[in-house]
Amino acid sequence: MTFRHCVAVDLGASSGRVMLARYDSKHRTLTLREIHRFVNCLQKTDGFDTWDIDSLEKDIRLGLKKVCNEGILIDSISIDTWGVDYVLLDKQGQRVGLPVSYRDNRTTGIMPQALVQIGKSEIYRRSGIQFLPFNTIYQLHALTKQQPELTAQVAHALLMPDYFSYRLTGEMNWEYTNATTTQLVNINTDDWDDTLLAWTGAKKSWFGRPSHPGNVIGDWICPQGNRIPVVAVASHDTASAVIASPLANKHSAYLSSGTWSLMGFESKKPYTTDEALAANITNEGGAEGRYRVLKNIMGLWLLQRVLKERRITDLPALIAQTEALPACRFLINPNDDRFINPDDMRAEIQAACRETDQPVPVSDAELARCIFDSLALLYADILHELANLRGEKFTQLHIVGGGCQNALLNQLCADACGIRVMAGPVEASTLGNIGIQLMTLDELNNVDDFRQVVSANYDLTTYIPNPDSEIARHVAQFQPKRQTKELCA
């Protein structure tokens, strides 16, 4: 077969898309077309920040039906989403309650309990995963302690992409790359860790053994009656984004830039040394047995909240105003957990500047300048940490995802990090999703083969560092941990 048509459902924390890919195996050309886009936002339910999962499922099905109604024969479907959140099911496979978002405050104070009762080093030795207060391990502990009436009804717990695949196929699956984000998978066995799971109060019977990307979960029957395989890809959106990152060589780092920024490198081995623990480095699962050695950064979430609060719709105009302002007048640590979900992001940023005796950003452009400069400087700090961890410097940084369209931030990143930045592709998560589908269909050999396809079909933009820029001169002075606490607490 010359042409393949694959559908990727890519769900982010603020929006979702159903994308159609067309792959010409003879010429190795790959194109994407957006079929359906929809909003994903939090809602308050019984005092919790929850996801409107029924609305998301409705939009997923609508997008799939749109493809089928065009008369296109779909070869496969797959779903990727954000990590750590889950859906509870009873014995009949019906949902128990609504899925609570990782941004809900129910996990406040939970992680310190685990550090005392299990031990920080022991948790890291077992999982290799960074300490974030909203990891699934702490969410489940909060669930079992705060909502025992729900816990009593639970027979299964599915992570978000696995839940939607279940709704399409009727088959349950626990995909490995996303499972590792829970901080509950043992890094040596690739299975759920008995000690960590027991601490949460959740039953091991809620979970099946994690499966690696590339297996067919089951079939979705389209309105025309065709059975279409649903593939388990690297279902954590960052894992998919890394697959589509055209990394030039082992000296290339990546930055998946979106609501979250995730900076790291690929490795055939995990890094679980005391140094890695001290830096709060994570070793998330990737495709083909590779590890994604990385660190979470709050990312463009801060900007997204400011845009929403200030009702700003013309982002290019705001960026143009921001670029005209001097650099490094207002600096914050984007990874301070005060920015996870404040009532008023603008006020929180201003308070952080005020508390550190800095000028206070007032205009929208000043707020954006504060966010961009602070992110770029934090990127530089973390890239330095990662280079020290592996004992080799990086020569190139690949920025992928929606954030790579921000030319100002890309240049600030290049200047602050002091290395060449390659920006693109924008649709990295979707492309990585498609890549695993094409491998499952035996159209591609492996991840490296797919990256060649990406490089041949998608243009990258190069940013050369300017050592004389204001932000480059400021790098040595910037200490993101100086007066703030990290997400790891």
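Start at 1 and count along the chain as shown; that gives each residue its number.
Cβ atoms here come from the backbone N, Cα and C positions, even for glycine.
Note that the coordinates shown come from a computational prediction; the quantities given were computed from them, not determined experimentally.
Between CYS222 and the candidates CYS41, CYS68, CYS404, Swiss-Prot records the disulphide bond with CYS68. For the substrate site, Swiss-Prot records GLY83, HIS236, ASP237, THR238, and the single candidate of ASN186, ASN188, ASN283, ASN296 listed with them is ASN296. DSSP classifies SER15 (ATP binding site) as strand under the three-state reduction.
Around the Cβ of CYS353 (disulfide bond), a 10 Å sphere holds 20 further Cβ atoms from the protein chains shown. Annotation: CYS413 carries the greatest number of neighbouring Cβ atoms among the disulfide-bonded residues CYS68, CYS413 [cut-off 10 Å, Cβ to Cβ]. DSSP assigns CYS222 (disulfide bond) to coil in the three-state reduction, placing it in neither a helix nor a strand.
Other residues of the same chain near the substrate site, with their Cβ within 8 Å of the Cβ centroid of GLY83, HIS236, ASP237, THR238, ASN296, are TRP82, ASN178, THR181, ALA239, SER256, TRP260, LEU262, GLU284. Other Cβ atoms within 10 Å of the Cβ of GLY83 (substrate binding site), summed over all protein chains shown, number 28. You'll find the Cα of SER14 (ATP binding site) roughly 27 Å from the Cα of CYS353 (disulfide bond). Taking only the Cα positions, the spacing between GLY83 (substrate binding site) and ASP237 (active site, proton acceptor) is 8 angstrom.
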